Ligand SMILES: Nc1nc2c(ncn2[C@@H]2O[C@H](COP(=O)(O)OP(=O)(O)OP(=O)(O)O)[C@@H](O)[C@H]2O)c(=O)[nH]1
Ligand SMILES: [Mg+2]
């Protein structure tokens, strides 16, 4: 794909609403000729004489034949999403009508849009920067409150404006130092080295904070990986099913029923959790079960949260203490969850309450106190600060550019320490600027753009 201006002379069309039958469908056109071509097939007012941001009732006709009664919304350049002339045609939501309308326009020389082409045009015409364009994609795919607010915040420029501002300050220093190069003989200093150090240190802090936020950003997008672990027959699969409200995992009283991972997403309080049911932890001679057990141990290490589940009718305090000890050494946050309250003997419950006041008592089989468990889960991950619109990096490309910015920034600091010559200093600053610019799109390549926009769906 190339992104020259000639290609953007043409007018594009796509269905903007999802495929399939609906009450209405919206077909979108963008380009120089969008309004003119629409006027040729629209019977109603003369669209070319109407003001921007107006809606008009009429029919779309192929020759004499009426295809549908429609509403046409006009957005005259540059007051539109793409900054080009945009027409949105609301038709009845039948796939027959949609196909007929799109075909009619294609016959008139309008080109079917590629995935993400509307957003790409918006970007190329300066509607927003690259990080914001990518946020549009995230927003379309957001399916939880937390990922929605992270994407929305980014689209509004929260993330980019911070980067852009710091980059602008750094550009100032780069030009001052490069200017000094022209005056070597005079030995002047236009850029205070102390101010430069302060700025670079601040930049490093921001970059490192953003890098750290990526882990959480990732979690917001893909769900908090939460492993349910414990002995065979503790009721792990029963708990997964109870949380999901469906019989997803096989439950039986045979120890060692689950051998592979079974996972699914659950929305708790606006945050997506990815619950992973695992093979029960025990020494086993069964080869396949043993593989399952070692995989469980691996999975526990990479989890954000572990639900340690044990059976109140079949576990004693010694064993529980031993397991908790192991979990503490693992270093992953975990909750102690006692299952089968319906079958437990009183003394174990009292013993536990004394020794571990933070144990959560549930009955997965009877679906008891699952709400209490959910509250504790939410408390433990504490995603609150990310719901209030703090800057979070959710995009692997941004993360990559940020990590690559770090190194030249450190070089600038090192250079200041060692009082290297100006040309070296300027070079390291330029390298930092390059990677920072990649994030917001001040520096792009065709490959990069093609790669980003191809991830969108058609019509976006
Ligand atoms: N009474 C009672 N039985 C339960 C409860 N939760 C689970 N069970 C029973 O305990 C047995 C084991 O449950 P599973 O969910 O298969 O246990 P698991 O931890 O997945 O076991 P493995 O897959 O073998 O590691 C089944 O017979 C369940 O019906 C509960 O809260 N109360
Ligand atoms: Mg199981």
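Counting begins at 1 with the first residue displayed.
Cβ coordinates are placed from backbone N, Cα and C, and glycine is handled just like the others.
Feature annotations, reproduced from TrEMBL:
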BINDING   233, 252, 254, 257  K(+) binding site
BINDING   233-238, 252-258, 277-280  GTP binding site
BINDING   237, 258  Mg(2+) binding site
DOMAIN    223-382  domain 'TrmE-type G'
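Overlay of TrEMBL annotations on the structure.
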residue: 233; record: K(+) binding site; DSSP (3 states): coil
residue: 252; record: K(+) binding site; DSSP (3 states): coil
residue: 257; record: K(+) binding site; DSSP (3 states): coil
residue: 279; record: GTP binding site; DSSP (3 states): coil
Residue among binding-site residues 237, 257 with least C-beta crowding, 10 angstrom cut-off: 257
Which of 254, 255, 279, all binding-site residues, has a Cβ with the fewest other Cβ atoms inside 10 Å: 254
PLDDT averaged over the residues of the domain 'TrmE-type G' (223-382): 89
Integer Cα-Cα distance in angstrom, residue 233 (K(+) binding site) to residue 258 (GTP binding site): 9
Other residues, Cβ within 8 Å of 233, 252, 254, 257 Cβ centroid (K(+) site): 232, 251, 253, 255, 256
Fewest other C-beta atoms within 10 angstroms, as judged across 233, 252, 258, which are the binding-site residues: 252
Rounded Cα separation (Å) that holds between residue 252 (K(+) binding site) and residue 237 (Mg(2+) binding site): 9
Between residue 254 (K(+) binding site) and residue 237 (Mg(2+) binding site), the C-alpha gap once rounded to whole angstrom: 12
Residues among the binding-site residues 233, 237, 254, 279 that border ligand 2 - Cβ under 6 angstroms, in sequence order: 237
Cβ-Cβ neighbours of residue 236 (GTP binding site) (radius 10 Å): 32
Residue 237 (Mg(2+) binding site) versus residue 255 (GTP binding site) - Cα distance in angstrom: 12
